[in-house]
Amino acid sequence: MPSNKSVSDAPIVQFTNCRILRSHQLQREDLWVREGKILNPEKLFFDEKGSADIQLDCKDSIIAPGFIDVQINGGFGVDFSLATDDFKSGIDLVSQKILSHGVTSFCPTLVTSPPSVLPQISIRNGGAHGAGILGAHLEGPFISKEKKGAHPEHCLRTFEAGAFQDLLATYGSLDCVRIVTLAPEMKRSSEVIRELTKQGICVSLGHSVANLSQAEEAVQHGATFITHLFNAMLPFHHRDPGIVGLLTSDKIPAGRRVFYGMISDGIHTNPAALRIAHRAHPKGLVLVTDAIAGMGLAPGRHTLGQQVVEIDGLNTYIAGTKTLSGSVATMDTCVRHFQEATGCSVETALEAASLHPAQLLGIEHKKGTLNYDSDADFLMLNDGLYVQATYIAGEEVWRQNVLGM
């Protein structure tokens, strides 16, 4: 048979001596990359008669898909919810800094605040400049006053007669929106959930006093996510478990999976609660940082939207209160804490920060896995799950300085 030689002249890179996370298992095989995509070596050998142009020895590292953070409010002194003249340079800084923590894609998250920031967020691919932006996560203002957390009460909104039009008027545009967190017990929320879902936007339930039947109805209308499980919602009660009950509900439509975010920082959720959630519904767990501007900075006073927050160790409070407001944990820290707290496998811990968020957003065909033809966004980690190097589209964008270890 004639060979199909050279569908592309782009260089082929072969990563050797590594354990690759593929099909839920660490497998000892090589990783092949060309033009930013993962290659199928069999097709390369037999169809193209090709071989590697460059070989890289990974020195027995784990290779895992890049982490995807679907709830991050800022970091390194930058607050996504504050309208500033240099907003773009702020988001650029965060996207660059989180590469060292293994994040290759993220959803900048805006807490309840004036709508002027939203038009400044644009979707873009990742690269040496920083992690890719998948679209905004809008957390509020259509949330419960009783569970507002760090959201300023005077900015909260309800759905009036227009419902979806109220939401459009508040946000201005949904062009770059990926996730909307709302309280499902609000009147007319069902029609809003249906419309957002129709437009391909993920609806998340959170900052809510919803009972289980209200939460189930929201899922039946298209909601697929729970914002930081256990936090800013009614506590689990055996007669009405509230939103938490979705993890074991028998009213979820066939073929639908409900995902839930967990802030695995050792502060927001007791390790026992983390274990309960994971054992009840392991395939739905999505690790999120919920990081605020103070991530990466020294303890002290920082902002979260319209609020002043105080950082004390890993605790972040609204100034003068004991109300938790976001976290200062990085994604790699959350992965390690999750694995330690639950005793789960390395594979499970890594997938909670990569595969599951990709599935939530419906992008698992190109991100969150190392399957053939998917984007070559991946990490090299040691056995302790510390990030050694970060790659986006097959290019190294960050590497641990060995001398500084």
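In case you wondered, yes, glycine gets a Cβ from its N, Cα and C as well.
A TrEMBL annotation is a machine prediction, not a hand-curated record.
Copied over from TrEMBL, here are the features:
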ACT_SITE  D290  active site, proton donor/acceptor
BINDING   E139, H207, H228  Zn(2+) binding site
BINDING   A150, N231, A232, R239, H268, L324, S325, G326  substrate binding site
DOMAIN    62-397  domain 'Amidohydrolase-related'
Open item on the list: Quiz question: given the binding-site residues H207, R239, H268, which has the greatest number of C-beta atoms lying within 10 angstroms of its own C-beta?
Closed with: H207
TODO: Take the domain 'Amidohydrolase-related' (62-397) and average the pLDDT across it for me.
DONE: 94
TODO: Take the C-alpha atoms of D290 (active site, proton donor/acceptor) and G326 (substrate binding site) and report the distance between them in angstrom, rounded.
DONE: 5
Open item on the list: Using Cβ atoms only, which residues of the same chain lie under 8 Å from L324 (substrate binding site) while being at least 6 residues apart in sequence?
Closed with: G149, A150, N231, I267, H268, N315, T316, Y317
- [ ] Would you count the other C-beta atoms found within 10 angstroms of the C-beta of A150 (substrate binding site) for me?
- [x] 25
Open item on the list: In whole Å, how far does the CA atom of H228 (Zn(2+) binding site) lie from that of G326 (substrate binding site)?
Closed with: 10
Open item on the list: Between all pairs in A150, N231, A232, R239, H268, L324, S325, G326 (listed as substrate binders), what's the biggest Cα distance, rounded to the nearest Å?
Closed with: 30
Task: Alpha-carbon distance [H207 (Zn(2+) binding site); A232 (substrate binding site)] in Å - done: 5
